[in-house]
């Protein structure tokens, strides 16, 4: 029950902590920290400015450092680890699961990670060195090696006795794995079956040979899709010969799902998914500057297109007023399609077999919307030009903006659908580059269409 | 092992299905469907155009309809359900877990859902009617009622005997719940403890009274945060008196995490998170049109601002060329901050205690970037104006665009940080409305700053 109260009063705790920190009374802060779970401390660190972060970290029990590190966002963790001695880090990591140690060491320089490895005890070191050979974003990099293996020709009774001698089970163990003498996986037995079966039952009678298995080199996002679709809590990881290497558990998969979803959202704004909300000003400013610089280049390109038609604008200054409308609408329509396609790709919905349907459907949608909004804007502009007595041919102006609108909505949507597919073929992340390429296309095409038509009529 | 092969050849199966469907040979399609898991069939349906979808649905065994429905995206499910008779739907739902039935019935009209309810057997009906009283987006709406309850004063041996008589356990059961005679939750016992303890151990010795508990009215996103942070597989749901109502399992929480993350991404492009990638053209076009219409209003507002300064542009047509630059940069800088804040809010990182730090930090970042890009664009424009012999005061033009750039980057970033906080206070979803409000602000402010300064110098 106590835990629940902890959750409900998080806001209060945060306020207590802040006021204690502000007043400089550190003993109540330390007491508050002792009451919190490591995961909550990690969340607290992620929610505080860098100055306060360091104070909290200093007040933390040395023994809890590893556990808190394991729950921290990579970027913030990196900052703390950089200030730790190899011995201190090795102590902090000593009690963690192999997969968590691998996750932390994988982010360090080869040099530092080797120093830390040398300080771990021998058995741990061998296991971790082996696990570090798998890329971080594969099933091998995600797996833990704490599987419970049993043989097929024993009874449930024997397994129960073995488990009682063992005295504990790794977290999130929902299956025991049945292997042969060469460690090749034969099947799995849900622990619920061990609990509900008659003790005389033989394992061969209850083994499930149809379970989901994960090859060690499978990409972590594909692993996440399998877990998500089939509601798995854990799954065995096999090498090419079908030997059991370890298992992946849902808690690590949830992190993959969260990171991947964050990646799409954050990348489309040119941000890193690990971006620290409360990060240091200079680091943040530098990262943002790069994205703004790229955008400046694309918008200068668009400005140069307008520059080509400066004399037309000199004749019809009303065109300057209408300038933002067409590129904006094309950009919005394109972004909708782009987002839909990027989401569809990350859910595994889009394949070679259905791309052409998708393109045709989006084309049809864009023509419908293109016509609706071309007619609307033409009517509005005709009325406005008439009302203002602008002295130019109202109908020609209406055709100019309506034509440009239809053209650019179709261009935007077709670009939004095809850019991510093309980028993916080129091995460029569509979530990062897609938006920039798209708005460049819709800006340039929009200005060209509007001012080109205007030049034809009025130039 | 067979399952793994299924995963690896999904692409092939999809191609086989497509060619079988194209050729009109439906028997191989039916055979292929029989080999697939229900979750995979749901994924297949989500990945195919509506015409093919209906063919696949017709070919599906009636008995599997419920299981496939349960895994389908809400929007696509709705389409199938609308064409089903109440009796057919009741049959399909008969074998599902209560929480899944509630999830499906919750989306139907009151009338249809009552018709279906009347056709379910009595016991199921009572349970489902009770569960339907909780809002869908709360812990109560997410929970299942298949808990295993035990009493404190029994031994592990007794629990084992009870479980063997029971014969099976609900999926994802990792804890048994210890309750008193009024069903008030005392604590939980991990089933790993039941397996590893001496059978003579009393439940009171191994009960964990500090487990996480969830009140029935907690929001589902908050539930997801607790599961994610503390790596839970299941958690008990309690009423206000502490009585055990049911439990929430990780598979349903993963769906909440996925939907919430999708919501942020899709909403920022004005899309519904359940948007069907391959949905019917007219439905899609109508939904998109609304968003484009809202955008048209905002960009017309921006155009009207330009209209106020038409005479200045008439004097200096180079201003028309420079028009897109300032609003674009302000919009990009603001979107970065907006995205960061929306992500931070959905992760629970942003609270009243740290908002002022966040605003100060973002202000500092925007001033740094404002100065960098103001100087850059001023220099470029000065050089361009000089090179073109534009005949206007180069320095004044450079000051105009540089000043507007600095002003609009700061405006954009401050708006990006404050708009979501304000919208949330007004109970408006920042992910949906944030982007529109932001770009309206940056467009209007950008044009005002640029053309206002220009009018001061050249007007």
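Easy rule for this one: first residue shown is 1, then count along the chain.
Cβ from N, Cα, C; glycine included.
Sequence annotations record features per position, and here TrEMBL assigns domain 'CBS' to A:207-265.
Cβ atoms under 8 Å from those of the transmembrane segment (A:289-309) belong to residues 269-271, 323, 327, 436, 439-440, 443-444, 447-448, 451-452, 454-455, 459 of the same chain, restricted to positions at least 6 beyond its ends. What TrEMBL lists as transmembrane segment is A:289-309 (among others).
Residues or ranges marked as transmembrane segment by TrEMBL: A:321-342 (among others).
The transmembrane segment annotation in TrEMBL covers A:363-385 (among others).
According to TrEMBL, the transmembrane segment annotation covers A:397-423 (among others).
Among the features that TrEMBL reports, transmembrane segment is placed at A:435-458 (among others).
Residues 316, 318, 322, 325-327, 329-338, 340-342, 345, 350, 355, 358-359, 362-363, 365-367, 369-371, 373-375, 377-379, 381-382, 385, 390, 429-430, 433-434, 437-438, 441-442, 445-446, 449-450, 453-454, 457 of the same chain lie 6 or more positions beyond the ends of the transmembrane segment (A:397-423) yet place their CB under 8 Å from a CB of it. Long-range contacts of the transmembrane segment (A:321-342) within the same chain, counting only residues at least 6 positions beyond its ends with a Cβ under 8 Å from a Cβ of the stretch, are 264, 268, 302, 306, 350, 358, 362, 366, 369, 373, 377, 381, 401, 404-405, 408-409, 411-413, 415-417, 419-421, 430-431, 434-435, 438-439, 441-443, 445-447, 449-450.
Shown for the domain 'CBS' (A:207-265): DSSP residue counts in helix, strand and coil, namely 27 helix, 16 strand, 16 coil.
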